[in-house]
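Peer 1: Please find one structure pasted underneath; my questions will follow.
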């Protein structure tokens, strides 16, 4: 049996045990905590599409394990056919969420390992599992480094900060610890945080459901606000800084993140508040010179008009439901990575680091 070990007091949304994957079902939080057993690559693809697992780094890890499950499904012992079958599995996983670049990064890393392995299919599968586990372990280490660098990047005054964040960027969105919420955790541990303001993050409410849940688990004071209250809170001087995550960052620093992020950046600029993006370098797509080339996922209209079984508004109207928006680099104070905090203009220098 090969098991992914976890610290007992931490949240790990993806767990490998007994040749299968267990995912925390994030669609059931915060009312119910439970795991979903994933035994096939197709089941993993559906779990990513339906956001049982979500967050750019987390779906990268999940996709890597989905590749392992797919490798276990392949029956041929010929490497050439194995690679052809594995590529089809990779293509299916890549179709699940088009914006988050970590997904494609992890899939390509897995395919590279398969191509460069020897001719024995059993050895290739073993190498794929080891690679998926390494991706998971590396992401936890990366998030902790982001937290440390982010702590140093925060404004020196006031000594104790109130930080606004958007969506969920914590342990649930990564392999563990978190990106933007990882910085917040580090600030809390260092005694530099008074409280967190969490946007509810319409339409799927990841801030209200998931960020608030994670903060409560760790004893971090958290206040949930509707998305439309953020500007008012800044105007009333309730916010000292804004920290968000990212799903894809272009080479110039333009950042795609959960819908509503751009609005926050605009109002933060208007109120002279620092606006930080926290993300691993695997989220940076250096092949894109700016954010105009970032694909924006369009999701089901029902996410807007319905919560659970409750209909919120007339269905017989048009709905527009982009999952992400792009914040221009000019609105971003710094991008916090595992290599340090840099301005958007300096990001390109981290490409080969």
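Glycine is no exception: its Cβ is also placed from the backbone N, Cα and C atoms.
Got these off Swiss-Prot a minute ago, pasting:
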ACT_SITE  247  active site, proton donor
BINDING   54, 55, 56, 97, 206, 257, 258  substrate binding site
SITE      167  site 'Transition state stabilizer'
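Mind mapping these onto the model and telling me what they sit next to?
Peer 2: A simple way to gauge crowding: the CB of residue 247 (active site, proton donor) has 29 other CB atoms within 10 angstroms, across all the protein chains here. Following the DSSP three-state reduction, the secondary structure of residue 247 (active site, proton donor) is coil.
All chains included, 27 other C-beta atoms sit within 10 angstroms of the C-beta of residue 56 (substrate binding site).
Counting every protein chain shown, the Cβ of residue 167 (site 'Transition state stabilizer') has 29 other Cβ atoms within 10 Å.
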Peer 1: Within 8 Å of the Cβ centre of 54, 55, 56, 97, 206, 257, 258, which other residues of the chain have their Cβ, at the recorded substrate site?
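Peer 2: What remains near the Cβ centre is 59, 100, 167, 168, 169, 173, 245, 247, 323, 324.
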Peer 1: Substrate site residues 54, 55, 56, 97, 206, 257, 258: biggest Cα-Cα distance, Å?
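Peer 2: Looking at 54, 55, 56, 97, 206, 257, 258 as a set, their Cα atoms extend up to 17 Å apart.
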Peer 1: If one measures from the C-alpha of residue 167 (site 'Transition state stabilizer') to the C-alpha of residue 56 (substrate binding site), what distance in angstrom results, rounded to a whole number?
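Peer 2: Here the two Cα atoms are 12 Å apart.
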